[in-house]
Amino acid sequence: MAFQLALDALAPTTHRDPSLHPILESTVDSIRSSIQTYPWSIPKELLPLLNSYGIPTSGLGTSHHPHAAHKTIETFLLCTHWSFQATTPSSVMFMKPSKFNKLAQVNSNFRELKNYRLHPNDSTRYPFTSPDLPVFPTIFMHDALMYYHPSQIMDLFLRKPNLERLYASLVVPPEAHLSDQSFYPKLYTYTTTRHTLHYVPEGHEAGSYNQPSDAHSWLRINSIRLGNHHLSVTILESWGPVHSLLIQRGTPPPDPSLQAPPTLMTSDLFRSYQEPRLDVVSFRIPDAIELPQATFLQQPLRDRLVPRAVYNALFTYTRAVRTLRTSDPAAFVRMHSSKPDHDWVTSNAWDNLQTFALLNVPLRPNVVYHVLQSPIASLSLYLRQHWRRLTATAVPILSFLTLLQRFLPLPIPLAEVKSITAFRRELYRKKEPHHPLDVFHLQHRVRNYHSAISAVRPASPPHQKLPHALQKAALLLLRPISPLLTATPFFRSEQKSMLPNAELSWTLKRFALPWQASLVLLALSESSILLHKLFSPPTLQAQHDTYHRHLHPGSYSLQWERTPLSIPRTTAFLPFTPTTSTAPPDRSEASLPPAFASTFVPRPPPAASSPGAQPPTTTAAPPTPIEPTQRTHQNSDLALESSTSTEPPPPPIRSPDMTPSAPVLFPEINSPRRFPPQLPATPDLEPAHTPPPLSIPHQDPTDSADPLMGSHLLHHSLPAPPTHPLPSSQLLPAPLTNDPTAIGPVLPFEELHPRRYPENTATFLTRLRSLPSNHLPQPTLNCLLSAVSDQTKVSEEHLWESLQTILPDSQLSNEETNTLGLSTEHLTALAHLYNFQATVYSDRGPILFGPSDTIKRIDITHTTGPPSHFSPGKRLLGSQPSAKGHPSDPLIRAMKSFKVSGNYLPFSEAHNHPTSISHAKNLISNMKNGFDGVLSLLDVSTGQRTGPTPKERIIQIDHYLDTNPGKTTPVVHFAGFAGCGKTYPIQQLLKTKLFKDFRVSCPTTELRTEWKTAMELHGSQSWRFNTWESSILKSSRILVIDEIYKMPRGYLDLSILADPALELVIILGDPLQGEYHSQSKDSSNHRLPSETLRLLPYIDMYCWWSYRIPQCIARLFQIHSFNAWQGVIGSVSTPHDQSPVLTNSHASSLTFNSLGYRSCTISSSQGLTFCDPAIIVLDNYTKWLSSANGLVALTRSRSGVQFMGPSSYVGGTNGSSAMFSDAFNNSLIIMDRYFPSLFPQLKLITSPLTTRGPKLNGATPSASPTHRSPNFHLPPHIPLSYDRDFVTVNPTLPDQGPETRLDTHFLPPSRLPLHFDLPPAITPPPVSTSVDPPQAKASPVYPGEFFDSLAAFFLPAHDPSTREILHKDQSSNQFPWFDRPFSLSCQPSSLISAKHAPNHDPTLLPASINKRLRFRPSDSPHQITADDVVLGLQLFHSLCRAYSRQPNSTVPFNPELFAECISLNEYAQLSSKTQSTIVANASRSDPDWRHTTVKIFAKAQHKVNDGSIFGSWKACQTLALMHDYVILVLGPVKKYQRIFDNADRPPNIYSHCGKTPNQLRDWCQEHLTHSTPKIANDYTAFDQSQHGESVVLEALKMKRLNIPSHLIQLHVHLKTNVSTQFGPLTCMRLTGEPGTYDDNTDYNLAVIYSQYDVGSCPIMVSGDDSLIDHPLPTRHDWPSVLKRLHLRFKLELTSHPLFCGYYVGPAGCIRNPLALFCKLMIAVDDDALDDRRLSYLTEFTTGHLLGESLWHLLPETHVQYQSACFDFFCRRCPRHEKMLLDDSTPALSLLERITSSPRWLTKNAMYLLPAKLRLAITSLSQTQSFPESIEVSHAESELLHYVQ
């Protein structure tokens, strides 16, 4: 802690780094070790979990794996956990040999490996099956325990008496007994079906496997007992689902504490030591609590487990808020349920949690805390709190006292009258009691009792039982009548008195109530207790305990008690009887490497000639293990495994039967289906006498047969095919194979000299050096040696001699080193020898060479040349500019739009293929050494050399790959069934102009010939068709690879890397028809993963049809064929002359060719098409044909197949071909059976692609109605904030960021259902706050012009009434002047132009109807004529030409983007008007209002421009008020189109939609030229002149984007059926319909491109305004278009063009000063200057900030008005507003003053403000809402980039 405080104190100083250096230095070794041991890229969410398990992984690995966390756990188990346990020689079971070799390198005590093939797929994992059991006393069982029953483990111990310990790894989720829900779903998931548990590691479905569902019972037992045999089971460690168990012989000794004598325990302190302890185990799970069960309900435990942190936070939240609504707990839970840490919680658990929290909110603990109280007050409080309990306790006690007299006789002193005398007479005497027969001698016993009492108390006689004090009290009471008592016996007087006298007797007499009364009292007391318990609440203590137990449950722990297991018998451990073996003698680690201790060799079968050879006899074997569907280690391949092996191994064999009765923990053994029948043993397998070492997996071809290979394997192997006929040029042998200085097989350098090399740097092929150095002369081109010598201080001679000790001479002195010099292969060898790592800085960036486990580092710079050169040291290079888009994008778009016979190409997208250097290096190395291909072996020494030889070219490419990293290239994959027509559409595509720069690569010369014939190119273009080798040496923009799967592995990567000019790759092929296999035994190409799996993600769709195969073949494959010929499937004895012959081998093919038949192998016929029936030759190799080759053979011919050869090969027996047998017998060929791992993953399409747009059904989801009370009424005037009508309030709590949706509670009930109210799924990017730095410009020089002087004489003297009109005898009112103030001139300035005020001019709208509206003759819908269709198509083609689009291409519909447009449209509709306005227009959503009806009203405005200044009456602009349904449904469509238009618009076309004046200025400066004149155009009645062609154009635009058809139909229906209050209208443009501006702009642009050949000429369009930079030639078809148009043009050739109120030119743009001058005059006279001044000032600054160049934009007549405006702002604006006239950064105080009152700031003014000011203003609440806010426009322009 003190050290951390010191570091914090040093943080701001320079002493922190030196202080941290020791810490960083200490972590280097651990990080390096972690990266080397665990090199995989682990998901970041799993890294903390692995670290909590104690696994030291750093998370910095880069290798990818489908289940990297499982590999990490497994590596830790083997290399760390098991390695420490293996202290003696041990055996390992169920592990790949390669993995075992690496494990043995970690710990040499791992001596032998035993593998058993218990499943057919185990043959891919285990090369051999061990015939015997392990021999060492310690065994490690790898990931197989879950498939074995304890009885089988007992059998293993009984069969191996020397076996003491069995370490086993078990993979089973410990929570499997709860449910199918995993506690760590990111790490693993599982499901349980019947008796099988299906385990999926890290979501890798392909790596899933099955195991018995009761495998978790291994975690519930602690011992196994069979008679006198005992095995103890110990759980050593658990890492999630992986557990390490130790099973050892015997039982553990008893706990010493249990032997302690009982006499030692004199207290309770150590009492538990005397009791036996439970064997409880627990497992790590997420921190959770268990919710209580609901009352009288049973809920699964898994649905009641919730995170403790969430529960505690929710508990506090529900009691901390002031107001809690019913939806608050659910909303709180919703915030946490989406967190990744809580993915283990079920949805039912979340539901139970929020319900539990809501229903238990009222509960509070009933406790009080009285500290400072007196004892009496505390006693009073105690009695008040506990009086019920005290009473209930006292009543039974009192009831019991009533019976005490009957069971315990206690005498009570009572006075009894014996006699009464008077007048000397005895009037009364008590009779003596009668003494009945004392049966039980009670009197005797009483006397004895009294005698005993008397003996103790002799002073108490039997009949004088009164105490002495009582006797004295009696004498005092009787003293007054003592004379009368003298005669009583008490006083010993016999004389009777005259006076009345009574004789009393005082005795101790027993008294008792009747027993019936006692029982009644007792029953009443017990009843009171019962009633108290039934009707009274629990006690305070019980309430307190229940509250805390109910609302504060403890943490849930996954634990249970382990118990012993007794088994009645054993079950065989193996399915065969193992042989006996003994342990090999122990040898030192230095003398003997780890190897298989008892690897067996299959016994060769007896010779056929031996007369005594008999078939081996078989014996019965014990039952097999419990059914293991798959083993765990086949899914989580360890780190010890090769990194290139990602395919999971096969599972062990499934056991169908079981034998009876077993313990309950493993019920599978009771099932008779679990164990298989008795299997025969394999007596022909015996152990080898001399185990070969594992470190030599390959043999020299000249050596004898591999001892690990049995002769029966050699017997079934294929014979070597005959050699091919040599080509015309001489072939040379591969130098590396025949190098006498090398020995052993050809292997990658990293395998011969294993170390941690950087990826793809040590994969070059070489051989071990066998001879010492031959002292070769040092090469002349030795710059690499010089660079290394300068860095390592080792001489060049020593470096060269060192290379001759590790590399063969053929790799040191050859044509490559003599011509191009040494390469990085030699650098890697030097780095390995001298233990350094080199960083080579090439043109493409730094690349590491040499081992990574060294500390020494050197730097080398490589320049590509020519010639290339290595130099010491590091060269600093500047960064390259980033690309602005891939050059293949136009090609891909063209492919998407290309059609052949009306069908699209069958693909969806181009996939970016990241090239693999390792794949390319592997192939080029094999080509360079002559293992694949023949180019490097061609001898061209006899011919005249005009350039580098093919081998030199290959070497150059190899060098290029060493210093250039990979790149990413688009790849389009066309895949389909044989004959589906993959080639023909591509051939037609390549004939187009855009794809003319291509080349085709084919696997065979036959296929290349077919391409040449089909393309029909000139002879000079024949170089474009190549075989796969020669294609690598050529260059083109587009590469087509036909039959990609017949190319060597890595060919795609090498083709891309070898051609820097390549932009697009098109690959054709069928993954079902097999792949390439090298014919050279030295080729390492087979080490690469299969291309079928690697290219599978690129297959967007698989064409499941055929144009080739006849109907008889199509029926076999259940596929549709367009070939109507029925075809034939039969057999022939001899081939026909014209029929092609397909053979299995090259030798047979050569034989048939020599006999005069056309023949080829089945494999080489792939891609060919035959017209005659194909003849398939059947021979002894037919049964070995793969399913892929069988498919190729059956699908070559258009007319069928005929088999020639013995019919036994198609008879369906074991010696026949299964697919050929099905075909010959007309049986269906099930593709899933022949291609089980590949065919199910193909996305089949059954017909050619006719459209690319998806089909959408439905529009809006139905919403649940809200039911209200029938007597629910609202007041007549409802305020917008009224909320008493809310039935419930459910506020949304978004997961990220604030709520962006606006409130909809105020919407009219009829409009609310029209809103989707969708939350935006895409967060818009933050608006850039950066401000462009101001550029220094010369301030403009203004001629002196006084604003007031110019304004005084600007307005001419005239009578305003002369400019008005009469409409139906009523004068208009567009020039009001009466009582209007004025100060600048003699009349109000508002008379400058007409003012449209519908409220003050009743004639405005009626008088404007005839000019603004066009009516239909009847109510019938508008009919789209043929001319409309033709003109619409012409305009659409012109519009596509403007956007460089293909008219026939379509864009797939993007539902996510459309949903965002819906949200954006609703946001604009709710924010563009105030809530009061929306409520006031509730009738717009009235259901009785037909959505085709439009209400027309006049727009209120005072428009001031050049056309209206000093003009007369002007018709108003009409607005169309449409139904809300139209706006909310079609509005998103227009915004959707706008996004794509903005993305596709060429830079030479400017659209002013959503643009600011500053953007207009920048575009003009970039694109407009100084050429004059420019063409400006405006139309007369543009909206009214659009007829049916506009509807056709708009429909075609929507169809291109694949807008749902019902929306297109709705748009057409509205346009052709619109009606108003004045009558039905034509399909004219209505201002107010969705997309008015966009559609007008597109129509205008289409007309321009129909009239002119635009080319790259800059064009500006905005609605009906347009500007062309210079005159253009007219198109030849313009007259045909013009005659159909209804437009009236207003063309103007001018040197000072006006566009959207701005004068534009190459200098920029400037606001029309005349219009601005008039607006200022009107603002002054209207006394509205304070509200409008800032807006006008910002418009003025656009041109003012241009500097002196602004004068080039204005006509001379407007210079005075520009100067007057400048004078006005200088005089009338305050200082803080004048800062807008300067480019300098404003001061903070001035900024605050400007943003203090922007209430009347207009939209244009907002656009013109600098970004800093605009951001400050928008943060203020009083800013008004614009009809189209800047945020909406920005979102529309940026949305496409975040969706696509």
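Each residue, glycine too, has its Cβ placed from N, Cα and C.
Note that the structure is a prediction, hence the values are computed from the model and not measured.
Annotated features, as they stand in Swiss-Prot:
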- G976, F977, A978, G979, C980, G981, K982, T983: ATP binding site (BINDING)
- 609-621: compositional bias 'Low complexity' (COMPBIAS)
- 726-736: compositional bias 'Low complexity' (COMPBIAS)
- 728-879: domain 'OTU' (DOMAIN)
- 730-884: domain 'Peptidase C21' (DOMAIN)
- 1572-1678: domain 'RdRp catalytic' (DOMAIN)
- 571-739: region 'Disordered' (REGION)
- 859-887: region 'Disordered' (REGION)
Under a criterion of Cβ-Cβ distance under 8 Å and sequence separation of at least 6, what residues of the same chain contact C980 (ATP binding site)?
C1103, W1104, W1105, S1106, Y1107
For the domain 'OTU' (728-879), the averaged pLDDT of the predicted model is 82
For F977 (ATP binding site), write down the residues of its own chain that are at least 6 apart in sequence and whose Cβ falls under 8 Å from its Cβ; none is a fine answer.
D1070, L1072, Y1102, C1103, W1104, W1105, S1106, F1117, I1119, T1195
Neighbour tally for G979 (ATP binding site), based on other Cβ positions within 10 Å of its Cβ
25
Give me the DSSP three-state residue breakdown of the domain 'RdRp catalytic' (1572-1678), ordered helix, strand, coil.
43 helix, 23 strand, 41 coil
Shell list (ATP; ref centroid = CB of G976, F977, A978, G979, C980, G981, K982, T983; cutoff 8 A)
D1070, C1103, S1106, Y1107, R1108
If you draw a 10 Å sphere around the Cβ of G976 (ATP binding site), how many other Cβ atoms fall inside it, taking every protein chain shown into account?
23
Below 8 Å Cβ to Cβ and six or more residues apart, same chain only. Which residues does that give for A978 (ATP binding site)?
D1070, Q1073, S1106, R1108, I1109, L1191, V1192, T1195, R1196
For T983 (ATP binding site), list the number of other Cβ atoms lying within 10 Å of its Cβ atom.
21
DSSP says T983 (ATP binding site), in three-state terms, is helix
All chains considered, the count of other Cβ atoms within 10 Å of the Cβ of K982 (ATP binding site) is 22
What are the sequence-distant neighbours of G981 (ATP binding site), meaning same chain, six or more residues apart, C-beta distance under 8 angstroms?
C1103, Y1107
